[in-house]
Every structure is written in C-alpha cells, then in structure tokens.
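Trainee: Let me give you the structure first, and then I'll get to my questions.
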Amino acid sequence: MQPPLLVLSVYLLWLKYCDSAPTWKETDATDGNLKSLPEVGEADVEGEVKKALIGIKQMKIMMERREEEHAKLMKALKKCKEEKQEAQKLMNEVQERLEEEEKLCQASSIGSWDGCRPCLESNCIRFYTACQPGWSSVKSMMKQFLKKIYRFLSSQSEDVKDPPAIEQLTKEDLQVVHIENLFSQLAVDAKSLFNMSFYIFKQMQHEFDQAFQLYFMSDVDLMEPYPPALSKEITKKEELGQRWGIPNVFQLFHNFSLSVYGRVQQIIMKTLNAIEDSWEPHKELDQRGMTSEMLPEQNGEMCEEFVKNLSGCLKFRKRCQKCHNYLSEECPDVPELHIEFLEALKLVNVSNQQYDQIVQMTQYHLEDTIYLMEKMQEQFGWVSQLASHNPVTEDIFNSTKAVPKIHGGDSSKQDEIMVDSSSILPSSNFTVQNPPEEGAESSSTIYYIVAKVLQHFKGHFKTW
C-alpha cells in the first residue's frame, strides 16, 4: 500500500482497536470479530481518492476549455481596440478639416450670413411652412438648420464635443490587464493542483484498474469515460462563438453623403417658388377663398396673417435667393464636414460601447470560471494535499491513540470515540459518535465510522 493510502488507513486501524472491545485490555477477545474494518476502510479510501482524482482531471479539462474561450475573448478585445483606435483617428481627421473650414468660412462670409439670416428668420417662411399643406415638417427642419448654422458661424457658438478622454481608455486597458493577470494565475493554480494530484496517482497507480489509469493519463481532448458527479451548471458546455458574436464595427456605418443642409436648401427654393407661383400679381383670385381651401383650420389665424403680409413676403425673395447662394457656393464644405463629423463621432461611440461590452463579457467569463474552479476544488482538491506529507511508514501506527469513552463504568455504552491524531494532523484529536441503536460491532457501525473519519480527513485538507 502506498503512503497516501496509509495516511487514511491509519484512522481505520484506530477504529479497529476502539470498536473491538470495551477496554484496551480486552482487545484480544474481540479482535477477530472486526478484522473486516481495515479492509472496508481501505476500499472506501481507494474509492474516495479515485473519485477525487476523476474530479481533478475533469477540472483540468474544463480549465483548458476555459482558457481557449478566454483567448478568443482577448483576441476579440484586441481587434475591437484596433477598430476603436481607427474610428478615433478618423474622427480626429474630420474634426481638424471641419475646424479649418469653419475658420475660413467665418472669416470670409460674415456679411453673407447677415443677409441670409433675415430670410430664414422671417415670418413669411414660418407662415408659409405652417399653412401650406404637405410642409408640416419644414418648420422643425428650419429650427434645426438655424441651430446648426449658428454653431458654425456665430462667434458665440458652442464648441464641438471633445473626443473621449485618453484617461478613460487607460482605465479600460488597466481593467483588461487585471483580468488577464487574474485568469493567468487561475490557470497556474489549476495546473499546479493537477500536478500534485498526478503525483498521488503515480504513487497509487497499481491500486487502480486499467481503465481508470488509461483515462487519467489520456490526452485531455479525448472522451472522458469517468465524468465526476457535478451539477448541471458545472458540466454545461457552451461554445463561445454561439454566445458572443463579435461583428466588425466598420460594417455598421457607411455612406456619409446624406446631408440635412442639402434638404434645407431645397426647402428654401421650393418655398420661394411656391410663393411666387401662388401669388402672381396679375392673377385675380379670391385670396380668402384660396386660403380657406388650402390652409388647415387649426392654423387659420396664422394663415390669414400670411395672406395680409403677402406683398411683404415677396420682397424677401431676393434675400432668400442670396441665402441659397450662400449655402451652396460660399461654404459648401462646412455642412458636409459637419455631417461626416457627427457620423464619425457616432462610430467612435459605437466602437467604445462594443469594446465595453466585450470587456464586461470577459469579466463575467473570469468570474464564472473562478466560481466553477472553486466549487470543483472544494469538492476534490483535498486529494492533492496528500502530496505535501512525508511518506508514511509502519511506525506511524504505533504513535496514534484512540480511546473509547465509557459512561458510568458501563462498557456497553460506548457512544463516543476520541481519536488522537497529533502525529498526522495539526489538530490534536476529534470525536466520532457511534450511530444510535447500533451495536459497536455491527457492519453499519463500521461503515458509519469509516465515513466519518474520511469526512474529517477531507475537511482538514479543503484549502484554496
């Protein structure tokens, strides 16, 4: 018998003397009735060690699979970070071009803007867009246009939103480094635990059947014929690619050609043309009748005011034409660059969000792996601690004492057994209670006490 098995079997020999007689002097009289106790104990010890070694092997296999998943996540993080940096670079380039164009436009076209603004802010435009059927969205678009154009050309305009701070990227990088360090240490601990358990396996190899030896020494990628008794949560298999698809962020956005400013230019010209076509001086029409037909009831008062100011509105045509020319000729690049900047900023935000999501998935994967490894180690890791003990020899049997507790001088009432284990475990002793309504020499009592001793021994070595 190999040393690790002897370490456990020594307890069983204690029980041999404890249960075989009421007192130590009467051992010879009853020893023959309990010769099966060490044999039962050895069989149970072998079964427990075998079960624990199976769990350690399964733990190693699971950790290797988790390492593959972790490597995929780290690869996705690296790719996403590169894409995020590309998006940031693109936004910075567009922002630089936009700032240059804005400076040139501000310096050269202040006068043109002063002539354009009255057209856009005039009551004629507001009245017409509120009264003419089919133009309900023009008013909001005009407000949006005014807000954006003031932002470009007014000296009091708000600054463009700054790109994400470098400090934020640094925090994210530190978090990823922390995750990588923790996972690497977890992998090292799992490998070390398996190595110590493998040492125990080699010492007890001849005690195991051939099938178990082939399984424990087989490649981890082969089918496991001895799966440990674990919960469904631990044994559940999920492919990383099925849970977490990592799209390419540069496929999310394209075609920057759509511009709100082009639509506003068209609205201005259509409005001017509609005013001119509808209110020709030589046309003799019943203006009130036309108004009642073409204008909505809820805007009746506003539309009547529009009719009264018709002559004044026609005078604004030249100014609005100048405004149209200004938008299309004097600062043609500013609106388009602004749209490109907004799209680039959106791309940066999406890439940052995606990067954060992958970081969160990696963090969850780490925490889930730690949880699974702790549960498996708690159940099976005790067997690896046998490797840290010196070889057990026959002399250790003589250095251990087990004393039955006798109540009231009645030797038949041995309900407790005190075991002195100071030569093996740091704790000096522990107590095993006999099961109620069972005799000291019954088979059920033997199995019960063996199980209690094994439970005490395994509990002592549950560390990590």
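Backbone N, Cα and C atoms are what each Cβ position is placed from, and that goes for glycine too.
In case it's useful when we look at the structure, here is the feature table from Swiss-Prot:
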{"type": "COILED", "residues": "56-109", "note": "coiled coil"}
{"type": "DISULFID", "residues": "CYS105-CYS331", "note": "disulfide bond"}
{"type": "DISULFID", "residues": "CYS116-CYS323", "note": "disulfide bond"}
{"type": "DISULFID", "residues": "CYS119-CYS320", "note": "disulfide bond"}
{"type": "DISULFID", "residues": "CYS124-CYS313", "note": "disulfide bond"}
{"type": "DISULFID", "residues": "CYS131-CYS303", "note": "disulfide bond"}
{"type": "CARBOHYD", "residues": "ASN195", "note": "N-linked glycosylation site"}
{"type": "CARBOHYD", "residues": "ASN255", "note": "N-linked glycosylation site"}
{"type": "CARBOHYD", "residues": "ASN309", "note": "N-linked glycosylation site"}
{"type": "CARBOHYD", "residues": "ASN349", "note": "N-linked glycosylation site"}
{"type": "CARBOHYD", "residues": "ASN398", "note": "N-linked glycosylation site"}
{"type": "CARBOHYD", "residues": "ASN429", "note": "N-linked glycosylation site"}
{"type": "SIGNAL", "residues": "1-20", "note": "signal peptide"}
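Would you situate these features in the structure and describe their surroundings?
Mentor: In the three-state DSSP scheme, CYS105 (disulfide bond) is classed as helix.
Sequence-distant contacts (6 or more apart, same chain, Cβ under 8 Å) of ASN195 (N-linked glycosylation site) do not exist in this structure. Classification of ASN195 (N-linked glycosylation site) by DSSP places it within a helix.
Within its own chain, ASN349 (N-linked glycosylation site) has no residue 6 or more apart in sequence whose C-beta sits under 8 angstroms from its own.
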Trainee: With every protein chain in view, how many other Cβ atoms are within 10 Å of the Cβ of CYS105 (disulfide bond)?
Mentor: 21
